[in-house]
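According to TrEMBL, the domain 'NADP-dependent oxidoreductase' annotation covers 19-300. Residues or ranges marked as active site, proton donor in TrEMBL: 55. For 84, the entry in TrEMBL reads site 'Lowers pKa of active site Tyr'. The substrate binding site feature in TrEMBL is assigned to 117.
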C-alpha cells in the first residue's frame with residue numbers, strides 16, 4: 001500500500017484505505033466512462049476502488065487498473081479493489097464461480113475485498129433482477145451462513161484477500177458471528193451512511209466486533225428514480241453542513257466525507273466528474289472540530305435514500321430492523 005494512504009487495519013491484518021472511489025454509474029452513462037474516470041481517480045491519488053458485479057462495468061474498471069499498473073503509476077499491491085457477490089449468486093455452489101467471473105472480467109488474480117452485496121437472495125440465473133410474468137421479483141431462500149463458508153474458502157484459495165458483507169443489519173451480522181465453526185469474521189459491513197443516517201448504533205456494534213463500517217451514499221444520493229425516494233431533502237444543501245463548509249472554506253461534500261473519516265468509518269466518494277474527483281482528495285487536508293462533529297451528529301434523522309422497497313417483502317430484507 002502507498003505510504004501516503006491513510007488506512008485502517010482490518011480484523012484479518014490487511015489494511016483498507018479510509019477513502020475509496022465508488023464506480024457505480026446509472027445505466028445512461030456509457031461504460032467507457034468508467035474506464036476514463038477510474039484511471040483519472042488513480043492518477044489523482046485514489047488507491048481504494050469500489051465496484052461490483054451489479055454495476056456491470058468491472059471489465060472497464062479492471063482495464064483502468066491494469067493500464068495504471070502498466071504505465072508505472074501504481075503496482076497491483078498499491079490498489080485495494082473491492083468486488084461484490086450479487087443476490088442471484090448467494091447459493092453456496094454459485095459463490096466461487098461468481099467471484100471467478102469477476103476476476104476474469106477484471107483480468108486480475110485476486111480482489112482485495114469480496115463482500116456479499118445484499119442479504120436478500122434472488123432467483124439464480126443471468127437476470128440481475130429476475131421477475132415473474134407480473135413483473136414481481138422472484139426471491140430465493142439461502143442460508144447466509146452457508147454462503148459465508150464459501151467466501152471463507154475463496155479467501156483460503158487466495159481469490160480474495162479479505163471478505164465482508166454489505167447492507168447487513170445487526171441480527172444478520174450476529175448470525176454470521178455466532179456461526180459454529182466460524183473461520184473468519186467479516187472485515188466490514190458496507191452500508192448507506194451520511195449525516196442524515198449516521199448509523200451510530202450499527203457503527204458501535206461493528207466497532208465492538210472489530211468490523212469496519214464502510215459508508216456508501218455518503219453525499220446523500222444521485223437521486224436515481226428506481227432506487228430512492230425523490231421527496232427526501234438534498235443532503236448537500238443542508239444549512240448546517242453549508243455553514244461548517246463555509247467556516248473551513250471547503251465544500252459541503254468534503255465536510256460529509258471528513259465527518260465519516262473522523263468517526264473511523266471508511267468512506268466511498270462516488271463521482272464521474274473529474275473536477276469533483278480531484279476535489280474529493282482534499283478531504284485528507286483538513287480536520288473538523290469536536291463542535292463540528294457534534295453539530296453534524298445532530299443532523300441524524302434516519303433518512304434512508306436507498307430503501308430498496310422493491311425488496312421489502314423479502315424475508316431477509318435488512319431495513320425492517322432498527323439497525
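Cβ from N, Cα, C; glycine included.
Projection of TrEMBL feature records onto the structure.
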residue	record	CB count, 10 Å
55	active site, proton donor	19
84	site 'Lowers pKa of active site Tyr'	28
117	substrate binding site	20
- request: Rounded to the nearest Å, what's the C-alpha distance separating residue 84 (site 'Lowers pKa of active site Tyr') and the residue listed as 'substrate binding site'? Just drop the number here, would you?
  value: 5
Statement: the residue listed as 'active site, proton donor' and residue 117 (substrate binding site), compared by Cα position, are separated in whole Å by 11
